[in-house]
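TrEMBL has this to say about the protein:
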- 53: active site, proton donor (ACT_SITE)
- 121: substrate binding site (BINDING)
- 39-207: domain 'NADP-dependent oxidoreductase' (DOMAIN)
- 78: site 'Lowers pKa of active site Tyr' (SITE)
């Protein structure tokens, strides 16, 4: 079986590996270098980190110790900001507009290289009045060669429209909680992204199985498809279960999957999944999509459910 990393093309033509290992949550956050080295050794070629994960230095150390050249590893980081010292209970994280560039330069220093992709972690990283100016700072740094690809995360329709107005560079990606149970809510976001050639990145792609209390109506569909795939492809290097099917659905939708694990066996499994061929049928992809759109269930609600109308759908727990 081919061990060529499967990628998507950003609007610029730059290739981004479709599956990323994230060092920002759970055990992965506790042992970022050790787990990152397992990921790279197993064949994963995309590391996702951020300022508020406090792991940018570990991401850089991981690449340096891997034996791989930096060109072989795609690294994403994010401008995350910090809680306002004057009001630690305030919502969101804020960075003064004049501190955006120094904050990004600090990320580059910690990593030891310019990341392949740098995102605004959410639209509340800066004051609303400074959001467009912050995007312009990223554009200026891209022009100066201080950044490569630039994008956003957790951006709602109004956030995308704000920075797209007069933008020199459109965001390469928008990283959001994306899985079948967020599709109905994300429709206006995805429409804007399709219009402007913005790739979707998914964090929490396995939420329907890991975080939904029952799995909802999607679970039996995934089980059925996993059984069909396993019976039709006896020579696959791994056992195909619901988790594998859900990640392959994400890829079939043209979406980058970002998932975290600190468990060695789980990381190795993710690496094997990243190299699997296209083994879902078009009908199976469409069935997962259509069933997903009958439910609204989101785990990470901090940003995307504020001032962004929710669909009138059940949460699938009944």
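Keep in mind that glycine also has a Cβ here, set from the backbone N, Cα and C atoms.
These figures come from a predicted structure and were not determined experimentally.
Non-local neighbourhood of residue 53 (active site, proton donor): 23, 24, 29, 32, 80, each in the same chain, at least six residues away, with C-beta under 8 Å from its C-beta. The two recorded residues residue 121 (substrate binding site) and residue 78 (site 'Lowers pKa of active site Tyr') have their Cα atoms spaced 5 Å from each other. Using a 10 Å radius centred on the Cβ of residue 78 (site 'Lowers pKa of active site Tyr') and all shown protein chains, the other Cβ atoms total 28.
The predicted model assigns the domain 'NADP-dependent oxidoreductase' (39-207) a mean pLDDT of 94.
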